[in-house]
């Protein structure tokens, strides 16, 4: 088994080396793709856009992103996947030959296990939701037309082009092996397809959100403690990252498994509180909710404020404080974009009507 994995890992190293040698001019492009594919953009950019255009799509997108990333964490703890940038330095596979030279980049040194790829899984799930939802909107109940078939082909070509670029980016940056990105894409699609058949997420109560959030958090912590009690160190990758990363400043605490867990449960809890709040009902369910200028204003203001909010980084000196603030920050994203911003804008748009009276 170990020899088979070594051969698979060697193929990945050779793939990374080939891309880095033959596509040096594409370095900036691959880094940009990796940054855009970060799941944070689903929360801070795609969610507010889709929520205010099609509320149901926005809700499904957030659920797929959160549950997909949570499953990714569990899979990583089970599969113990290596990462190219440390495996190539740590393995005995090249004891009789020269070690392939693999470059590292500021976005290379993630601290969690490598399989499956979180970037590939998150991008596949989120973009699958957007493509299938867009096709569903344009198709409606009518018989498919020639234009719809063309749109269908274009969207799926775009979808697979995005997945290919994300996969190549993660391989180029030595963050993942090829089999890990393929597993990520397939897993992301599976999660998104599952949520196409789940309708209860659109009218879930605050109690249900709380119970699901509690389950996700307690299961992950319980699973971690169980394996730790059995002598399995699930934080083994932190030592690998700190040891083999080219520059210490490239190792970020916000890429650790627990940081991912707190962000996910915080986002889902924030969505539950928001969708069951009076501010949401007064603004997003009020008379202005169907007025396009109002919805467009909500999108623009949300994107601007969330961009500024995202630039605020929790202090990372103390892990407990960092994780707590990460939870609060993630919960504030849906709270701001779904209830607070629309509520304030609704008050602004209502002012002229009140003055005319």
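Quick reminder: no glycine exception, Cβ is built from N, Cα and C everywhere.
Per Swiss-Prot, residue 290 and residue 345 occupy the same side of the membrane [matching topological domain names]. Looking at 148-168, 232-252, the range tied to transmembrane segment in Swiss-Prot is 148-168. Check Swiss-Prot against the ranges 97-117, 118-138 and you find transmembrane segment recorded for 118-138. Between 96, 276, Swiss-Prot assigns N-linked glycosylation site to 96; no such entry appears for the others, which is not proof they lack it. Residue counts for the topological domain 'Cytoplasmic' (192-209) under DSSP, split into helix (H, G, I), strand (E, B) and coil, are 12 helix, 0 strand, 6 coil. Of all the recorded positions in the record (83, 119, 170), the one with the smallest CA separation from residue 96 (N-linked glycosylation site) is 83. Here residue 119 (active site, proton donor) comes close to 34, 37, 38, 39, 166, 169, 170, 175, 176, 181, 184: these same-chain residues lie at least six apart in sequence, with C-beta atoms under 8 angstroms from its C-beta. Stretch with the most C-beta contacts under 8 angstroms to the transmembrane segment (29-49), considering only 61-81, 210-230, 292-312, 321-341: 292-312.
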